[in-house]
Amino acid sequence: MTLVIQILVFILFAICFAWIIKSFDFFRLVGIPSSIVVGTFFLKVAVGIGLWGLYTYVFTERANADIYKYYDDGYLLFLQLRDQPVLAFKFFFGIEDEKITSLMHDTMHWNRDYNFGVLNDNQTMIRFNFLTSYFSHGFIHLHTLFINFLSFIGLVALYKTIHKQLDLPAFVLYFAIFLVPSTLLWGSGILKEGFLLFSLGFFSFTFFKWLSNPSIRYSYFLMIGIALLTIIKPYVFLSLIPAIIAAVIVRFTQLKPIISYLSIITSGFIIFVFFRELHLFDLFDLLQQKQTAFYNVAQINGAGSAISTPSIQTPTEALIAIPEVLINVLFRPFITEVHSIFYLLAAVENLLLLILIVTMLFFFKKPKANQLNFLFFGLFFTLILGTLIGWTTPILGAVVRYKVPFLPFLFALIFSCIDFNKINQKFNLSIR
């Protein structure tokens, strides 16, 4: 396929996706003009192409660039399997075959040195790029277009979910979901974050639909959402489990949200301590192993963003470390730690987060009773995932990407506790 044809195919799919976004009811967001919604999709595509440019012409170590890791392996497998449809089918759906196993030796990232007993999410992205290669035939920007359409679906689903749960000005919520720098940047490249945002949005949308109407239909969709999260980032789904259980308890009992959520978290921690003492399963040893593995990777690759993280070998050490690791995850890198454009964006975002927290303290709005379940859901998901990231990830460059899943929830819940009417009156503004 010539470059001209590849570009024409790209344009054709871009027009098709824009038409879908403009025409289908799912993409109609309350308070947001459709032109802005379509424009945001193309902004994401442009950011994704820009990220490709940075990893191609500025940070030129292709073997260590995630956008190329999974693309290169996926395209290589496409070249080897495109004329063998039966083998291609088996590969995509994970059906074992000796011929496929032998092909895996030619890939660089199909297998990982450290799995820790969870699914290998590298393989999900390689399969995505393998499938997309049937349309792109090696034109990488079509992969960017496809992953952005998926992530955009997830973000729209998150917007609809949160808009129904919280009383927020439309453009404020739109910023929280679509335009937070880390979400926009890392959710727009050919990276796991794009597929993760799709999966998280799909799950959140169906879970809260199911919570209000626990029908068989929504139960099926909920299972699909769980499966999607599990194949791309199992630990994100694990971080959601306590919040899911607590949200269900609050919905179907008269228990107050704060009691439900704290009880589930406390019970879960006690269970893990109990398992450790009985030598059944040592979560803290597993987390320490993952932290050590990250240090080893940082040393091998010469990562310049390694930071000191506290020991978490015992339950007591893990508890004591929580404030420190949450500060690392939520507020680092600091402005003084900036040494690249990625760090600058992250530092500005962290500064914005701090400003919003201070603003919330000065212009606090008490949440309504019917909002508390969702607010605690988002808060505890943020704290649990943030703590897991902080415990195990001593590389700031990885932290700024790993926290992408909870950022829409975090910004939305902070905004929901800010009284914009008071701000409008005090500063003669019209935020709505």
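Cβ atoms are placed via backbone N, Cα and C, with glycine included.
Database features, via TrEMBL:
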- 34-59: transmembrane segment (TRANSMEM)
- 134-159: transmembrane segment (TRANSMEM)
- 171-187: transmembrane segment (TRANSMEM)
- 194-212: transmembrane segment (TRANSMEM)
- 218-246: transmembrane segment (TRANSMEM)
- 258-275: transmembrane segment (TRANSMEM)
- 341-364: transmembrane segment (TRANSMEM)
- 376-400: transmembrane segment (TRANSMEM)
- 406-423: transmembrane segment (TRANSMEM)
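Counted as Cβ pairs under 8 Å, contacts with the transmembrane segment (34-59) are highest for 134-159 among 134-159, 171-187, 258-275, 376-400. Contact between the transmembrane segment (171-187) and the transmembrane segment (258-275) is not supported, since fewer than 3 Cβ pairs fall under 8 Å when only residues 6 or more apart in sequence are counted. Panel annotation: around the transmembrane segment (194-212), residues 124-125, 128, 147-148, 150-151, 153-158, 160-161, 164-165, 183, 187-188, 218-219, 221-222, 224-226, 228-229, 232-233, 236-237, 240, 244, 247-248, 251, 374, 404-405 of the same chain, lying at least six beyond its termini, place a Cβ under 8 Å from a Cβ of the stretch. Touching of the transmembrane segment (406-423) and the transmembrane segment (341-364) is concluded from the presence of at least three CB pairs under 8 A, sequence neighbours closer than 6 excluded.
The recorded stretches the transmembrane segment (376-400) and the transmembrane segment (134-159) do not share 3+ CB pairs below 8 A when only pairs 6 or more apart in sequence are counted, and are therefore not in contact.
Note on the transmembrane segment (134-159): residues 1, 3, 6-7, 9-10, 13-14, 17, 21, 26-27, 29, 37, 40-41, 44-45, 48-49, 52, 71, 75, 78, 82, 128, 173-174, 177-178, 183, 187-191, 193-195, 197-202, 204-205, 408 of its chain, located 6 or more positions outside it, place their CB under 8 angstroms from a CB of the stretch. Long-range Cβ contacts of the transmembrane segment (258-275) within its own chain (Cβ-Cβ under 8 Å, at least 6 residues beyond either end) map to 242-243, 245-246, 249-250, 281-284, 315, 372, 376, 380, 384.
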